[in-house]
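Visitor: Positions annotated as compositional bias 'Low complexity' by TrEMBL: 26-43. If you look up TrEMBL, you'll see 66-79 marked as compositional bias 'Acidic residues'. Annotated domain 'Cyclic nucleotide-binding' per TrEMBL: 120-220, in sequence order. The domain 'N-terminal Ras-GEF' annotation in TrEMBL covers 252-365. Annotation source TrEMBL lists domain 'PDZ' at 370-418. Sequence annotations record features per position, and here TrEMBL assigns region 'Disordered' to 12-86.
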């Protein structure tokens, strides 16, 4: 994300946002899990499985960005380049100072990256934030102690603090301080509204963005047209938001912004919108926050694999899962068994190309480890069996491991190469 401009880093985000931050009803708000990462890992993996004849293209399993040291180094370089306070100040300030009619798509995206970090915008959907960024006006009050709003003054704007601190003195003498990211002013209504108390700056160089009442009401009260609710048995189980990624209207569609855990799992095998191409990757990265066990996903995938029309999609999900998050399987015996069962299903259905890709991914992601087994005597059983050797023409692999044995407790697994 863009770093805060130098003159916006003086204040810390407050623990509790101003009550007016939560104007958007919960049914109209949500947190997007959309990723900006590319979907090349999905398309590349699956490209290699289009034909099961001949050699499989081994370039179909790229290193996942979350596991790649090279990617991390590149990201660090990007952060270094954007952490220049002067650069950050120039980029955001320049976008803010433009008139709404002069803001380009790039300007709005820059503002969107910055504004979504502020508490005032936290409970709003992406489309609402984007609309607000397109109409906001930038204002600066240079002197401390300047009165911004008088008591009983008619309100005509919604204000969000970008830098500095303001104090509201209420008629009963109570005071409240608002810092960066907090909001004050009108609520989303066209009714006449009046200020209750006096708002004044507490420090020099206070900076705000202002959104006119008409625009604020229009954007927040028309959010329903941009959402699609999926109902099952009279209850809402998923909310999708309509998004347009450019003003030409060529890249538009619905993106999932919230849903029940069961419905999120189901969406893995449903068609994904052009504006939500990385849903599977995003789900596999975040499911730990709302599911107690990965087997909840694994068991559903095994169940869906038995359906011919879903088999192709299930295989895509598993290949991505193994390629991007192999530690989910390597460190969990139950998930290892899931992988073995899925492998057997691929064999039974003669999906040789997919099976080869799965084996390649597992081999590429596996890590070296040392296991020590102690035997009380030379004749004691090993509780595991081996396969292969020089006479077989390939390496030595663990074929079986007795469940609950010392070998299993030590971490030996079927498929380990010695």
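Note that Cβ sites are derived from N, Cα and C of the backbone, with glycine treated the same way.
Just so you know, TrEMBL annotations never went through curation; they're auto-generated.
Describe the structural context of these features.
Guide: Sorting the domain 'N-terminal Ras-GEF' (252-365) by DSSP state (H, G, I as helix; E, B as strand; all else coil) yields 82 helix, 8 strand, 24 coil.
For the domain 'PDZ' (370-418), the model gives a mean pLDDT of 86.
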Visitor: Report the DSSP secondary-structure composition of the domain 'PDZ' (370-418) as helix, strand and coil residue counts.
Guide: 5 helix, 15 strand, 29 coil
